[in-house]
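A.B. asks: Input: one structure, supplied below.
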There are 2 protein chains.
Amino acid sequence: MTFPVVGMVGGGQLARMTHEAGIPLGIRFKLLSDTPQDSAAQVVGDVVVGDYRDLETLRAFARGCDVITFDHEHVPTEHLRALEADGIPVRPGPDALVHAQDKGVMRAKLDAIGVPCPRHRVVSDPEDVAAFAAEGDGFPVVLKTVRGGYDGKGVWVVGSVEEAAEPFKAGVAVLAEEKVDFVRELAANVVRSPHGQAVAYPVVESRQVNGVCDTVIAPAPDLDEDLALRAEEMALNIAKELGVVGHLAVELFQTRDGRILVNELAMRPHNSGHWSMDGAITSQFANHVRAVLDLPLGDPRPRAKWTVMVNVLGGDYPDMYSAYLHCMARDPQLKIHMYGKDVKPGRKVGHVNTYGDDLDDVLERARHAAGYLRGTITE
Amino acid sequence: MTFPVVGMVGGGQLARMTHEAGIPLGIRFKLLSDTPQDSAAQVVGDVVVGDYRDLETLRAFARGCDVITFDHEHVPTEHLRALEADGIPVRPGPDALVHAQDKGVMRAKLDAIGVPCPRHRVVSDPEDVAAFAAEGDGFPVVLKTVRGGYDGKGVWVVGSVEEAAEPFKAGVAVLAEEKVDFVRELAANVVRSPHGQAVAYPVVESRQVNGVCDTVIAPAPDLDEDLALRAEEMALNIAKELGVVGHLAVELFQTRDGRILVNELAMRPHNSGHWSMDGAITSQFANHVRAVLDLPLGDPRPRAKWTVMVNVLGGDYPDMYSAYLHCMARDPQLKIHMYGKDVKPGRKVGHVNTYGDDLDDVLERARHAAGYLRGTITE
């Protein structure tokens with residue numbers, strides 16, 4: 001056996017940070033990217049520019065790779081099966097990945113294995129939505145296209161049967177879910193390898209702004225120990241039952257009455273795990289690489305009492321580099337992670353991590369840096 | 001101002017790890033490498049293959065770079081001056097770098113600024129070596145070619161006038177030095193930026209085997225606090241007086257009578273600083289990038305009580321990857337850093353880092369992993 005080649009489909013920031021984590025392992029990293037300017041394509045040596053929706057492009061890319069993994073969940077299932085038939089390990093495999101691609105399939109599976117979810121049902125038209133609402137506490141109801149949504153896209157909160165018309169216009173199946181009365185959102189992140197080893201990161205609190213992840217606190221403050229343990233066990237169980245290989249993010253609602261319900265699944269390194277780059281003994285990216293190569297997993301425990309991640313969104317001011325001077329001088333412990341992406345308002349272009357013993361201080365430092373980089377804080 | 005392009009001359013492991021550290025900053029990294037197979041060339045996107053000894057190659061490479069820095073100290077001084085005349089910042093600059101290129105110039109400068117060194121003199125022939133020996137405690141005497149030596153190459157310990165003939169055969173000037181009665185070797189690593197900010201890493205102990213760095217312990221155990229402070233101040237002073245920009249490693253002898261003497265200087269990230277990748281808040285590579293870009297420097301303090309680095313040298317068994325299974329399963333906290341280099345006996349092909357509260361444990365884990373990867377430990 002010599003050093004293997006990991007083929008990464010997708011050139012976004014998750015691929016970029018996975019490459020960064022793979023360099024110390026001495027593995028070869030090969031990238032299939034939409035364009036040569038994509039975030040990861042800027043920093044990877046071996047880049048193939050091509051369309052992952054084209055099977056022959058995928059097949060040609062996969063030749064010479066020892067394993068294929070992903071920056072996103074959009075590769076068609078039939079293509080993944082074709083690669084497997086060619087003898088290329090695909091991790092996570094198509095049978096697992098479909099649960100992250102199709103929210104209807106995901107909800108059916110979680111029901112079957114007894115994982116608590118918000119009340120839900122695939123609905124056929126606005127009247128059906130009204131019937132779903134009437135079966136529970138009435139409107140508002142959450143509607144989601146079963147495929148294609150992310151970061152708040154493909155999700156609607158509708159207050160009436162009239163408002164329920166919009167989601168059906170795309171011609172994609174629609175899932176109705178109760179609007180959960182949650183006190184906060186959590187994420188339980190785990191990594192699982194083909195031989196069945198799995199590790200659980202501490203459960204984190206994830207704060208969203210306009211449907212987009214804004215702040216992650218690791219570990220989740222004031223989280224009951226039993227609840228944390230239950231969330232970790234639930235995520236490990238989901239990974240096992242769904243046959244996940246690699247990183248699995250389980251986004252959770254913590255309800256007012258003390259339950260945890262699964263909101264979404266993601267089968268790749270995830271925004272809620274970015275804190276681990278500076279805050280854990282082994283980052284989610286390093287463990288994802290180890291998992292897809294079926295290497296023993298690294299210790300997921302935190303290195304600091306508190307680690308905070310705040311996303312850097314594009315603002316009106318495009319020159320983020322000049323903001324480095326202030327941010328680095330103000331906080332010599334600050335960890336900046338920029339993705340090489342053009343600044344567009346609202347676009348995730350980077351994140352910052354801070355860590356330390358005092359949560360208020362750690363939060364303030366991360367928020368200040370992210371705000372300054374974005375241009376919403378100017379002093 | 002937009003994100004700058006850092007041009008790195010040399011494709012070795014130092015360039016590889018500098019690229020890894022630069023990815024989170026979102027900067028562009030451009031590499032001038034001898035071959036497409038070099039350690040860094042495997043993992044960098046923007047690679048120019050060419051000979052750094054050729055001025056036109058260097059000039060073409062430097063066009064479009066915002067700053068030039070180095071993986072090694074072998075670029076001819078006149079070429080560096082030509083780049084500067086073209087308006088390209090060269091960091092460290094030729095006036096600083098000459099002290100790391102020429103041991104005669106280095107010794108003369110350290111004498112001039114009052115930095116304690118081993119007794120030394122440039123010698124002209126074996127008889128002159130005998131005279132140098134007689135001026136002190138006699139043989140043995142250390143002889144070094146003033147240019148071109150590293151990792152024990154270009155260094156001789158001679159016990160007689162007859163043995164002193166060899167070093168003169170290359171036709172390079174030879175420096176004679178007293179053989180210092182040292183209890184151990186230390187390294188004081190600092191990083192300095194063009195605007196004059198500087199940070200000092202904790203002084204480390206460096207253990208050599210056959211003239212090659214084997215183990216580094218951070219911080220140096222049982223080091224007198226005053227001596228540590230003096231060593232840090234000395235390194236900061238050298239960086240300032242020599243006009244260093246970037247990382248400076250000051251290799252030191254700790255003598256039996258409690259003095260510290262400068263052995264060697266290196267003006268680039270250095271083997272004695274590899275521990276900082278996992279053991280410091282900001283690694284030497286991240287701070288080197290920040291320094292050459294004149295960004296505020298990051299906190300150099302340790303994150304763990306003890307961090308140990310052990311080099312992985314090539315052994316007789318070429319398949320290091322298969323050893324990952326054992327090493328990672330045995331120690332989930334182990335940090336492996338492999339350089340993508342072919343295994344040749346004695347060649348530095350990687351290093352491992354371990355950290356923790358118990359030095360004996362941290363040392364044992366690092367030694368075991370490095371030995372297992374090399375093939376000298378099989379259980």
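Start at 1 and count along the chain as shown; that gives each residue its number.
Every residue gets a Cβ built from N, Cα and C, even glycine.
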A.B. asks: B:LYS103, B:GLU177, B:GLU178, B:LYS179, B:VAL180, B:GLU185, B:ASN263, B:GLU264 bind ATP according to TrEMBL; which of B:LYS144, B:LYS153, B:LYS169, B:LYS240 goes with them?
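C.D. replies: My reading of TrEMBL gives B:LYS144 as the candidate in that site.
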A.B. asks: Taking DSSP as the reference, which of helix, strand or coil describes B:LYS103 (ATP binding site)?
C.D. replies: helix
A.B. asks: Looking only at B:LYS103, B:LYS179, the binding-site residues on record, which one has the least crowded Cβ, with the fewest other Cβ atoms within 10 Å?
C.D. replies: B:LYS179
A.B. asks: Run through the Cβ atoms and count how many others sit within 10 Å of the one on B:GLU177 (ATP binding site).
C.D. replies: 23
A.B. asks: Which residue, out of the binding-site residues B:GLU185, B:GLU264, shows the minimum number of other Cβ atoms inside 10 Å of its Cβ in this structure?
C.D. replies: B:GLU264
A.B. asks: Quick one: mean pLDDT on the domain 'ATP-grasp' (B:107-294)?
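C.D. replies: Result for the domain 'ATP-grasp' (B:107-294): average pLDDT 95.
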